[in-house]
Amino acid sequence: MNWDDTTDETAPERLVGSVADGEDQAVEAALRPKDLGEFIGQEKVREQLDLVMRAARARGATADHVLLSGAPGLGKTTLSMIIAAEMNAPIRITSGPAIQHAGDLAAILSSLQEGEVLFLDEIHRMSRPAEEMLYMAMEDYRVDVIVGKGPGATAIPLELPPFTLVGATTRAGLLPPPLRDRFGFTGHMEFYEPLELERVIHRSANLLDVEIDTEGAAEIAGRSRGTPRIANRLLRRVRDYAQVKADGVITRDIAAAALAVYEVDVRGLDRLDRAVLQALLKLFGGGPVGLSTLAVAVGEERETVEEVAEPFLVREGLLARTPRGRVATPAAWSHLGLTPPQAAQTGNGQQDLFGT
Ligand SMILES: Nc1ncnc2c1ncn2[C@@H]1O[C@H](COP(=O)(O)OP(=O)(O)OP(=O)(O)O)[C@@H](O)[C@H]1O
Ligand SMILES: [Mg+2]
(Lines of atoms letter the chains of each structure in order from A and count residues from 1; the text may use other names and numbers.)
(Lines give C-alpha, C1' and ligand atoms only; values in the text may rest on other atoms or scores of the structure.)
(Ligands and ions follow the chains in the order given, each with its own letter.)
Protein backbone atom coordinates (compact mmCIF):
# COMPACT_ATOMS: atom_id res chain seq x y z
CA MET A 1 0.00 0.00 0.00
CA ASN A 2 1.27 3.44 -0.81
CA TRP A 3 0.92 5.59 2.27
CA ASP A 4 1.95 8.69 0.43
CA ASP A 5 -1.19 8.53 -1.59
CA THR A 6 -3.70 10.70 0.21
CA THR A 7 -6.35 9.84 -2.34
CA ASP A 8 -6.16 6.13 -1.51
CA GLU A 9 -9.55 5.53 0.04
CA THR A 10 -8.59 2.11 1.37
CA ALA A 11 -5.98 3.54 3.74
CA PRO A 12 -7.21 2.70 7.24
CA GLU A 13 -7.71 5.62 9.58
CA ARG A 14 -4.81 6.04 11.93
CA LEU A 15 -5.02 8.53 14.73
CA VAL A 16 -1.44 9.64 14.56
CA GLY A 17 -0.84 8.98 10.87
CA SER A 18 -0.02 12.15 9.00
CA VAL A 19 -2.12 11.29 5.96
CA ALA A 20 -5.50 13.02 5.82
CA ASP A 21 -8.62 10.88 6.18
CA GLY A 22 -12.18 11.75 5.22
CA GLU A 23 -13.03 13.52 8.44
CA ASP A 24 -9.83 15.56 8.26
CA GLN A 25 -10.58 16.75 4.79
CA ALA A 26 -13.97 18.00 5.89
CA VAL A 27 -12.65 19.77 8.98
CA GLU A 28 -9.38 21.01 7.48
CA ALA A 29 -11.08 23.54 5.26
CA ALA A 30 -12.68 25.13 8.29
CA LEU A 31 -9.47 25.16 10.34
CA ARG A 32 -7.13 26.48 7.63
CA PRO A 33 -5.49 29.80 8.41
CA LYS A 34 -6.58 32.30 5.75
CA ASP A 35 -3.59 34.66 5.66
CA LEU A 36 0.09 34.72 6.57
CA GLY A 37 -0.63 36.47 9.85
CA GLU A 38 -2.82 33.58 10.96
CA PHE A 39 -0.32 30.95 9.84
CA ILE A 40 1.55 29.67 12.90
CA GLY A 41 5.25 28.77 12.97
CA GLN A 42 7.53 28.16 9.94
CA GLU A 43 9.09 31.56 10.60
CA LYS A 44 11.70 31.23 7.87
CA VAL A 45 9.34 30.17 5.09
CA ARG A 46 6.82 32.76 6.18
CA GLU A 47 9.32 35.59 6.16
CA GLN A 48 10.75 34.55 2.80
CA LEU A 49 7.34 34.15 1.20
CA ASP A 50 6.20 37.44 2.62
CA LEU A 51 9.11 39.16 0.88
CA VAL A 52 8.48 37.38 -2.42
CA MET A 53 4.84 38.42 -2.39
CA ARG A 54 5.33 41.97 -1.15
CA ALA A 55 7.94 42.64 -3.81
CA ALA A 56 5.71 41.21 -6.54
CA ARG A 57 2.76 43.28 -5.35
CA ALA A 58 4.89 46.42 -5.27
CA ARG A 59 6.00 45.78 -8.85
CA GLY A 60 2.44 45.04 -9.84
CA ALA A 61 3.73 41.70 -11.11
CA THR A 62 2.76 38.08 -10.70
CA ALA A 63 4.64 36.30 -7.90
CA ASP A 64 7.47 33.98 -8.87
CA HIS A 65 6.84 30.22 -8.92
CA VAL A 66 6.96 28.66 -5.46
CA LEU A 67 7.88 25.12 -4.46
CA LEU A 68 6.80 23.93 -1.01
CA SER A 69 8.38 20.77 0.31
CA GLY A 70 7.81 18.96 3.57
CA ALA A 71 6.19 16.02 5.31
CA PRO A 72 2.41 15.47 5.10
CA GLY A 73 0.21 17.67 7.26
CA LEU A 74 2.68 20.53 7.78
CA GLY A 75 0.67 23.12 5.87
CA LYS A 76 1.66 23.04 2.19
CA THR A 77 -1.89 23.16 0.84
CA THR A 78 -2.76 25.77 3.43
CA LEU A 79 0.16 28.00 2.37
CA SER A 80 -0.72 27.70 -1.30
CA MET A 81 -4.19 29.04 -0.58
CA ILE A 82 -2.69 31.81 1.50
CA ILE A 83 -0.43 32.78 -1.41
CA ALA A 84 -3.47 33.15 -3.66
CA ALA A 85 -5.34 35.12 -1.00
CA GLU A 86 -2.38 37.43 -0.33
CA MET A 87 -1.89 38.02 -4.04
CA ASN A 88 -5.60 38.62 -4.40
CA ALA A 89 -5.62 36.02 -7.14
CA PRO A 90 -7.90 33.11 -7.96
CA ILE A 91 -6.48 29.64 -7.39
CA ARG A 92 -6.78 26.48 -9.49
CA ILE A 93 -6.06 23.23 -7.69
CA THR A 94 -4.81 20.05 -9.30
CA SER A 95 -2.25 17.34 -8.62
CA GLY A 96 0.52 15.42 -10.35
CA PRO A 97 -1.36 12.11 -10.45
CA ALA A 98 -4.47 13.85 -11.86
CA ILE A 99 -2.54 14.94 -14.94
CA GLN A 100 -2.26 11.82 -17.04
CA HIS A 101 -1.38 13.39 -20.37
CA ALA A 102 0.40 16.53 -21.45
CA GLY A 103 -2.90 17.51 -23.07
CA ASP A 104 -4.59 17.62 -19.67
CA LEU A 105 -1.98 20.10 -18.52
CA ALA A 106 -2.24 22.14 -21.73
CA ALA A 107 -5.98 22.46 -21.14
CA ILE A 108 -5.47 23.72 -17.62
CA LEU A 109 -2.65 26.10 -18.53
CA SER A 110 -4.43 27.63 -21.48
CA SER A 111 -7.49 28.43 -19.39
CA LEU A 112 -5.58 30.27 -16.65
CA GLN A 113 -6.34 33.91 -16.04
CA GLU A 114 -3.61 36.49 -15.68
CA GLY A 115 -2.04 36.29 -12.21
CA GLU A 116 -3.86 33.10 -11.29
CA VAL A 117 -2.24 30.67 -8.86
CA LEU A 118 -1.97 27.12 -10.15
CA PHE A 119 -1.54 24.73 -7.22
CA LEU A 120 0.04 21.46 -8.30
CA ASP A 121 -0.01 19.04 -5.39
CA GLU A 122 2.27 15.99 -5.41
CA ILE A 123 4.20 17.55 -8.24
CA HIS A 124 6.77 14.72 -8.05
CA ARG A 125 4.15 12.34 -9.41
CA MET A 126 3.56 14.05 -12.75
CA SER A 127 4.11 12.20 -16.02
CA ARG A 128 7.25 12.91 -18.02
CA PRO A 129 5.60 14.62 -21.02
CA ALA A 130 3.52 16.83 -18.74
CA GLU A 131 6.65 17.74 -16.84
CA GLU A 132 8.39 18.83 -20.02
CA MET A 133 5.45 20.94 -21.05
CA LEU A 134 5.54 22.54 -17.62
CA TYR A 135 9.21 23.57 -18.05
CA MET A 136 8.34 25.79 -20.97
CA ALA A 137 5.16 27.09 -19.40
CA MET A 138 7.02 28.13 -16.25
CA GLU A 139 9.89 29.78 -18.05
CA ASP A 140 8.39 31.36 -21.14
CA TYR A 141 4.64 31.35 -20.37
CA ARG A 142 4.14 29.36 -23.51
CA VAL A 143 3.10 25.83 -24.43
CA ASP A 144 3.44 23.97 -27.70
CA VAL A 145 0.23 22.24 -28.59
CA ILE A 146 0.93 19.32 -30.91
CA VAL A 147 -1.59 18.93 -33.67
CA GLY A 148 -1.65 15.79 -35.80
CA LYS A 149 0.43 12.63 -35.57
CA GLY A 150 3.69 11.26 -37.02
CA PRO A 151 5.82 13.21 -39.52
CA GLY A 152 2.96 15.60 -40.28
CA ALA A 153 2.55 16.69 -36.66
CA THR A 154 3.06 20.36 -36.02
CA ALA A 155 3.62 22.28 -32.84
CA ILE A 156 1.42 25.31 -32.45
CA PRO A 157 2.82 27.71 -29.86
CA LEU A 158 0.26 29.09 -27.46
CA GLU A 159 0.93 32.16 -25.35
CA LEU A 160 -0.07 31.92 -21.70
CA PRO A 161 -0.86 34.77 -19.33
CA PRO A 162 1.67 35.17 -16.51
CA PHE A 163 0.69 32.89 -13.63
CA THR A 164 2.19 31.62 -10.38
CA LEU A 165 2.83 27.93 -10.10
CA VAL A 166 2.80 26.65 -6.54
CA GLY A 167 4.11 23.10 -6.43
CA ALA A 168 3.89 20.94 -3.32
CA THR A 169 5.84 17.79 -2.64
CA THR A 170 6.58 15.47 0.24
CA ARG A 171 9.62 14.25 -1.70
CA ALA A 172 11.66 17.18 -2.98
CA GLY A 173 14.49 14.75 -3.73
CA LEU A 174 12.39 13.06 -6.40
CA LEU A 175 11.98 16.23 -8.47
CA PRO A 176 14.15 16.36 -11.58
CA PRO A 177 16.69 19.21 -11.27
CA PRO A 178 15.41 21.08 -14.37
CA LEU A 179 12.00 21.32 -12.72
CA ARG A 180 13.38 22.27 -9.32
CA ASP A 181 15.51 25.00 -10.90
CA ARG A 182 12.54 26.69 -12.47
CA PHE A 183 11.05 27.66 -9.15
CA GLY A 184 12.03 31.15 -8.05
CA PHE A 185 11.60 30.20 -4.43
CA THR A 186 11.63 26.93 -2.50
CA GLY A 187 10.23 26.75 1.00
CA HIS A 188 11.18 23.80 3.19
CA MET A 189 8.56 23.15 5.82
CA GLU A 190 9.91 21.87 9.13
CA PHE A 191 8.20 19.89 11.86
CA TYR A 192 6.60 22.21 14.44
CA GLU A 193 7.85 22.91 17.95
CA PRO A 194 5.53 21.91 20.82
CA LEU A 195 4.81 25.57 21.66
CA GLU A 196 3.77 26.24 18.05
CA LEU A 197 1.48 23.22 18.12
CA GLU A 198 -0.05 24.54 21.32
CA ARG A 199 -0.95 27.70 19.45
CA VAL A 200 -2.41 25.63 16.60
CA ILE A 201 -4.50 23.71 19.15
CA HIS A 202 -5.77 26.83 20.92
CA ARG A 203 -6.69 28.38 17.60
CA SER A 204 -8.53 25.26 16.41
CA ALA A 205 -10.29 24.81 19.77
CA ASN A 206 -11.51 28.35 19.43
CA LEU A 207 -12.88 27.71 15.94
CA LEU A 208 -14.47 24.44 17.06
CA ASP A 209 -15.92 26.17 20.12
CA VAL A 210 -14.16 23.85 22.54
CA GLU A 211 -12.89 25.00 25.90
CA ILE A 212 -9.29 23.98 26.61
CA ASP A 213 -6.74 25.17 29.18
CA THR A 214 -3.01 25.77 28.67
CA GLU A 215 -1.97 22.45 30.14
CA GLY A 216 -4.55 20.53 28.16
CA ALA A 217 -3.21 22.05 24.95
CA ALA A 218 0.37 21.28 25.98
CA GLU A 219 -0.56 17.67 26.66
CA ILE A 220 -2.02 17.24 23.17
CA ALA A 221 0.82 19.19 21.51
CA GLY A 222 3.44 16.90 23.01
CA ARG A 223 1.80 13.89 21.39
CA SER A 224 1.23 15.40 17.95
CA ARG A 225 4.51 14.42 16.25
CA GLY A 226 5.32 17.96 15.25
CA THR A 227 2.39 17.96 12.82
CA PRO A 228 -0.60 20.37 12.86
CA ARG A 229 -2.86 17.86 11.10
CA ILE A 230 -2.26 15.34 13.89
CA ALA A 231 -2.69 18.04 16.56
CA ASN A 232 -6.08 18.94 15.10
CA ARG A 233 -7.11 15.31 14.89
CA LEU A 234 -6.09 14.51 18.48
CA LEU A 235 -7.90 17.65 19.62
CA ARG A 236 -11.13 16.40 18.05
CA ARG A 237 -10.82 12.98 19.70
CA VAL A 238 -10.06 14.54 23.09
CA ARG A 239 -13.05 16.84 22.63
CA ASP A 240 -15.26 13.77 22.11
CA TYR A 241 -13.95 12.24 25.31
CA ALA A 242 -14.40 15.47 27.26
CA GLN A 243 -17.99 15.74 26.05
CA VAL A 244 -18.94 12.18 26.92
CA LYS A 245 -16.92 11.58 30.08
CA ALA A 246 -16.63 15.06 31.58
CA ASP A 247 -18.05 18.56 31.33
CA GLY A 248 -16.58 19.23 27.90
CA VAL A 249 -13.60 21.24 29.14
CA ILE A 250 -10.19 19.91 28.11
CA THR A 251 -7.64 19.88 30.94
CA ARG A 252 -4.34 18.02 31.18
CA ASP A 253 -6.00 15.07 32.98
CA ILE A 254 -8.81 14.85 30.46
CA ALA A 255 -6.36 15.00 27.53
CA ALA A 256 -4.13 12.32 29.06
CA ALA A 257 -7.06 10.04 29.88
CA ALA A 258 -8.57 10.48 26.41
CA LEU A 259 -5.32 9.78 24.60
CA ALA A 260 -4.75 6.70 26.76
CA VAL A 261 -8.08 5.40 25.44
CA TYR A 262 -6.88 6.01 21.87
CA GLU A 263 -3.50 4.43 22.70
CA VAL A 264 -1.44 7.49 21.83
CA ASP A 265 1.38 7.70 24.36
CA VAL A 266 3.24 10.67 25.86
CA ARG A 267 5.61 10.93 22.90
CA GLY A 268 2.91 10.41 20.30
CA LEU A 269 3.65 6.76 19.60
CA ASP A 270 0.62 4.67 18.79
CA ARG A 271 -0.03 0.95 19.12
CA LEU A 272 1.89 -0.03 15.98
CA ASP A 273 4.91 2.10 16.87
CA ARG A 274 5.09 0.54 20.31
CA ALA A 275 4.53 -2.97 18.99
CA VAL A 276 7.53 -2.52 16.69
CA LEU A 277 9.72 -1.22 19.51
CA GLN A 278 8.55 -3.89 21.90
CA ALA A 279 9.31 -6.69 19.45
CA LEU A 280 12.70 -5.19 18.72
CA LEU A 281 13.57 -4.96 22.40
CA LYS A 282 11.92 -7.99 23.90
CA LEU A 283 12.29 -10.55 21.12
CA PHE A 284 15.54 -9.43 19.54
CA GLY A 285 17.39 -7.86 22.45
CA GLY A 286 17.40 -4.48 20.69
CA GLY A 287 18.66 -5.77 17.32
CA PRO A 288 20.10 -5.67 14.79
CA VAL A 289 17.23 -7.50 13.16
CA GLY A 290 16.06 -7.55 9.55
CA LEU A 291 12.97 -5.59 8.54
CA SER A 292 11.10 -8.69 7.32
CA THR A 293 11.67 -10.53 10.58
CA LEU A 294 10.55 -7.52 12.57
CA ALA A 295 7.42 -7.20 10.42
CA VAL A 296 6.49 -10.86 10.93
CA ALA A 297 7.02 -10.47 14.67
CA VAL A 298 4.42 -7.68 14.86
CA GLY A 299 2.10 -9.34 12.35
CA GLU A 300 2.28 -6.49 9.84
CA GLU A 301 3.32 -6.04 6.24
CA ARG A 302 6.94 -5.09 5.68
CA GLU A 303 5.85 -1.87 3.97
CA THR A 304 3.62 -0.88 6.87
CA VAL A 305 6.48 -1.16 9.34
CA GLU A 306 8.92 0.57 7.01
CA GLU A 307 6.73 3.41 5.78
CA VAL A 308 4.27 3.96 8.60
CA ALA A 309 6.05 3.24 11.86
CA GLU A 310 9.74 3.64 11.16
CA PRO A 311 10.08 7.21 9.89
CA PHE A 312 8.72 8.61 13.13
CA LEU A 313 10.71 6.18 15.31
CA VAL A 314 13.89 7.13 13.47
CA ARG A 315 13.13 10.83 13.73
CA GLU A 316 12.50 10.46 17.46
CA GLY A 317 15.86 8.75 17.88
CA LEU A 318 14.24 5.53 19.08
CA LEU A 319 15.30 3.31 16.21
CA ALA A 320 18.19 3.27 13.76
CA ARG A 321 18.35 1.68 10.33
CA THR A 322 21.78 0.12 9.89
CA PRO A 323 23.21 -2.05 7.10
CA ARG A 324 22.89 -5.04 9.43
CA GLY A 325 19.29 -4.36 10.34
CA ARG A 326 17.11 -2.38 12.71
CA VAL A 327 18.63 -1.38 16.03
CA ALA A 328 17.00 0.14 19.09
CA THR A 329 18.65 3.15 20.68
CA PRO A 330 19.11 3.59 24.44
CA ALA A 331 16.17 6.04 24.31
CA ALA A 332 13.93 3.21 23.10
CA TRP A 333 14.76 1.10 26.14
CA SER A 334 14.06 3.91 28.52
CA HIS A 335 10.88 4.97 26.72
CA LEU A 336 9.41 1.50 27.18
CA GLY A 337 10.73 1.31 30.74
CA LEU A 338 13.01 -1.61 29.92
CA THR A 339 16.66 -2.17 30.77
CA PRO A 340 19.16 -2.96 28.01
CA PRO A 341 20.70 -6.44 28.53
CA GLN A 342 24.30 -5.27 29.00
CA ALA A 343 23.30 -2.78 31.68
CA ALA A 344 20.80 -4.99 33.50
CA GLN A 345 21.56 -3.93 37.01
CA THR A 346 18.90 -1.40 38.00
CA GLY A 347 15.37 -2.72 37.65
CA ASN A 348 13.38 0.39 36.75
CA GLY A 349 9.77 -0.68 36.47
CA GLN A 350 7.43 -0.22 33.52
CA GLN A 351 6.59 3.46 33.28
CA ASP A 352 3.14 4.71 32.49
CA LEU A 353 3.43 5.76 28.86
CA PHE A 354 0.00 7.26 28.70
CA GLY A 355 0.65 9.62 31.56
CA THR A 356 -2.55 8.76 33.38
N1 LIG B 1 0.91 26.81 10.35
C2 LIG B 1 -0.30 26.34 10.62
N3 LIG B 1 -1.10 26.98 11.48
C4 LIG B 1 -2.32 26.49 11.76
N5 LIG B 1 -2.85 25.38 11.21
C6 LIG B 1 -2.10 24.72 10.33
C7 LIG B 1 -0.80 25.17 9.99
N8 LIG B 1 -0.29 24.32 9.08
C9 LIG B 1 -1.21 23.37 8.88
N10 LIG B 1 -2.32 23.61 9.61
C11 LIG B 1 -3.51 22.79 9.65
O12 LIG B 1 -3.13 21.43 9.43
C13 LIG B 1 -3.98 20.81 8.49
C14 LIG B 1 -3.15 20.19 7.41
O15 LIG B 1 -2.52 21.18 6.63
P16 LIG B 1 -2.31 21.02 5.04
O17 LIG B 1 -3.47 20.31 4.45
O18 LIG B 1 -2.00 22.37 4.51
O19 LIG B 1 -1.03 20.10 5.01
P20 LIG B 1 -0.21 19.58 3.72
O21 LIG B 1 1.22 19.92 3.98
O22 LIG B 1 -0.82 20.10 2.48
O23 LIG B 1 -0.39 18.01 3.83
P24 LIG B 1 -0.31 16.90 2.62
O25 LIG B 1 1.14 16.69 2.31
O26 LIG B 1 -0.90 15.67 3.25
O27 LIG B 1 -1.11 17.42 1.48
C28 LIG B 1 -4.97 21.87 8.02
O29 LIG B 1 -6.20 21.65 8.66
C30 LIG B 1 -4.41 23.18 8.51
O31 LIG B 1 -5.45 23.97 8.98
MG1 LIG C 1 -1.81 19.11 0.96
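Cβ atoms here come from the backbone N, Cα and C positions, even for glycine.
Automated prediction, rather than curation, is the source of TrEMBL annotations.
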*asked:* Per TrEMBL, which of R182, R237, R239 sits in the ATP site along with L31, R32, G73, K76, T77, T78, E139, D140, Y141, Y192, R229?
replied: R182
*asked:* Helix, strand or coil by DSSP: which one applies to G73 (ATP binding site)?
replied: coil
_Between R326 (DNA binding site) and Y141 (ATP binding site): CA-CA distance (Å)_ = 49
*Mean pLDDT over the region 'Head domain (RuvB-H)' (266-356): what is the value?*
88
_I'd like to know which of the binding-site residues listed (L31, T77, Y141, R302) lie near ligand 1, counting only a CB under 6 Å away._
L31, T77
